[in-house]
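Shown next, in structure tokens, is the structure this report addresses.
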């Protein structure tokens, strides 16, 4: 069967339809159950991280290696021609695309990944995060984890907590879950870090229910997924960061009254917003969530690099 994601750029979660999402998640489940160590044996993939990353970069590169691909790239742009000699992003991507079969890219500038697609030719670009804009592969592993733990992606109650203004993970995840029916959203954030209006407008256009709340306790008994985020110090001025970082903290005692199968997720890194006593509860699922990044990213790489895929 023809693969609709072959050589497709994945810049925003909106580049993927509901059917595309289901295809990626089904492929991830198959790869988790049945590893394919030679699936990308003759492929070369560029891992281009213009911004610091631990989990995303290592997860992507592990995914590449476990599928048998060769990996080239950099984890810091400071020592590249772009960083040292002032080469443009356009020229950097134009050159790299002559070497490889796919480009995985993180960049601090919003829109940089979309710009890269204009210079990569037929080489697909996978966005590993562009500023506070989009982080589609994090969303894929989030969806995979939600589906794995809840058995579905529709008719869910999802609370998102913390930095909802700059947190690209919650923007992408909300857009993705809005492709499925019957989902209800609870947004819990300080006013300075509230969910952007364009996300709320999108939910209204799709007829999705949402509400704003001032504390986690208000919604604890109602939710299936509690998605925590950190306040991103690197995206705030020091005075603003100090004011808001401690406003929303989850402790084990806060989980009293939670639904039995409610799971706490977090894109990581965790700072102070989830205390370590939560880790020992059956609700904590953020480390398993991070582990699922391998399978979600393997699935996406396998699909964009194979015109037909049979697992």
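Note that Cβ sites are derived from N, Cα and C of the backbone, with glycine treated the same way.
Binding of carbamoyl phosphate is attributed by Swiss-Prot to 55, 56, 135, 138, 268, 269, and within the candidate set 106, 114, 251 the record adds 106 to that site. When the Cα atoms are compared, residue 55 (carbamoyl phosphate binding site) and residue 230 (L-aspartate binding site) turn out to be 15 Å apart.
Look at residue 106 (carbamoyl phosphate binding site): DSSP puts it in a strand. In the shown protein chains, 24 other C-beta atoms lie within 10 A of the C-beta of residue 168 (L-aspartate binding site). Annotation for residue 268 (carbamoyl phosphate binding site): same-chain Cβ neighbours under 8 Å, separated by at least 6 residues, are 55, 286, 290. A Cα-Cα distance of 16 Å separates residue 56 (carbamoyl phosphate binding site) from residue 230 (L-aspartate binding site).
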